[in-house]
Amino acid sequence: MGGMPELKLYNTLTREETVFAPIDPDNVRMYVCGPTVYDFAHIGNARPVIVFDVLFRLLRHVYGEDHVTYARNITDVDDKINARALRDHPGLPLNQAIRAVTERTETQFHADVAELGCLEPSVEPRATDNIVEMTEIIEKLIGNGHAYVAAGEVLFDTKSMADYGQLSKRPLDEQQAGARIAVDAHKKNSGDFVLWKLSSHNEPGWESPWGRGRPGWHIECSAMSKRYLGDVFDIHGGGLDLIFPHHENEIAQSRCAHGTEVMANIWMHNGFLQVEGRKMSKSEGNFVTIHDLLHTQIFGGRKWPGEVLRLAMLMTHYREPIDFSIKRLEEAERLLAKWPATEPGDAEPDETVLNALADNLNTVAAVQALHALAQAAHTDPAAGARFAATAALLGLLPKKAEIDEAVAAAVDALVAMRLEMLKAKNFAEADKIRDELTAKGIQLKDGKDAATGERVTTWEVKR
């Protein structure tokens, strides 16, 4: 691992931290559940995207950029999508309306997460491109006695799997009550879940051995992870809310279809998010999308930069609940404003930060160490380069703000005027110009020309 400490990650499957040992160090594989593209992603959705982006970056640093495969899916077949399509595009044929909804939502999702400084995953499969793979797994499950056909549906028989519930660690009856699973007369057991359901003439559907229909939610991720990562892979991630039933049912499907002991060796889950101390919901009036936060004044009466949202998320450990607030965003913004805009060059990330990340992705300690490095970077060029390399690893590399040419010319003129005032020993006027520029976010740096020894002043836009 090239000087890195052992990477320890908390495994929901075992309820303990474990040293990460990839199945194949030349191809480290991670799957994270992506968005269902019926509505713009909200700030709660942003948390797993950011958390697992940091892990992706860390794995690439440790094992090499070409030796990590990160799959994050797009769920583009779902009853919520159908309902949104009918609501938003009542004049279009359903398939066209669905396409209009999913394409617009997926495009917005990509734009949003790019503004949060997230790398693109190695592969981003859509559910609709993997229907054949889903039906193949379902056929296997029927063939080996883990699934059955009833009332036009294919259902997974939860009692057929001796250790069903290994992830949530709860008795089956308790799981069903907690997840409010509907009890249908055609089910063998109340906890049995749908693998395939028939579609009416006005619903999207695909031909299958069980008639024209569409997949259940859980089978989608089993099929896509199998196709791109194999029967067993290294890490599966998502939010706490996905442990049951989604991830539990993924495990059941995949293990029973492929005859494996596990689906993924490590299961990671990020904590819940509240907004100003309350659960986020449309009924509470505190539902905030990523797009709204970045581009409207809906939260705190202003727009917030993507890097502020990213840092605000990383200032809480990924396993802990997070109270998302204006105060938290302001704190993150103040911190970012103190960080220099420097280039990493050939520098390596800071060892203290790497140690923190290797300790179950402790971004809280990592951010604290990064801030200390930023303070040193103001006077130490070597620390500056190391800071930039470390910030880049976290997806927090400060960017120099762009400025209009006309504004730049005006700043140049004021800087030149200040130099004239200094030459004339009119320090009061020179200070006035400096203060005026500082108030507008322009930072001046005085120095000497190496050849002539004359005073020179450079400037940059502060963050």
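The backbone N, Cα and C atoms fix where each Cβ goes, glycine too.
Marked as Zn(2+) binding site by Swiss-Prot: Cys33, Cys221, His246, Glu250. Secondary structure at Glu250 (Zn(2+) binding site), as computed by DSSP, is helix. For Glu250 (Zn(2+) binding site), applying a Cβ distance below 8 Å and a minimum sequence separation of six or more within one chain yields His218, Cys221, Ser222, Ser225, His236, Met263.
Per-class residue totals from DSSP over the motif ''HIGH' region' (35-45), listed helix then strand then coil: 3 helix, 2 strand, 6 coil. The motif ''HIGH' region' annotation in Swiss-Prot covers 35-45.
Mean model confidence of the motif ''KMSKS' region' (279-283) amounts to 88 (pLDDT, 0 to 100 scale). Residues or ranges marked as motif ''KMSKS' region' in Swiss-Prot: 279-283.
Over all protein chains present, the Cβ of Lys282 (ATP binding site) has 8 other Cβ atoms lying within 10 Å. Sequence annotations record features per position, and here Swiss-Prot assigns ATP binding site to Lys282 based on sequence analysis.
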Can you tell me how far the Cα of Cys33 (Zn(2+) binding site) sits from the Cα of Lys282 (ATP binding site), in Å?
23
Using an 8 Å cut-off from the Cβ centroid of Cys33, Cys221, His246, Glu250, can you name the remaining same-chain residues around the Zn(2+) site, in sequence order?
Trp217, His218, Glu220, Ser222, His236, Gly238, Leu242, His247, Asn249
Intrachain C-beta neighbours of His246 (Zn(2+) binding site), sequence separation six or more, cut-off 8 angstroms:
Cys33, Trp217, His218, Cys221, Gly238
The one of Cys33, Cys221 whose CB sees the fewest other CB atoms within 10 Å, among these binding-site residues:
Cys33
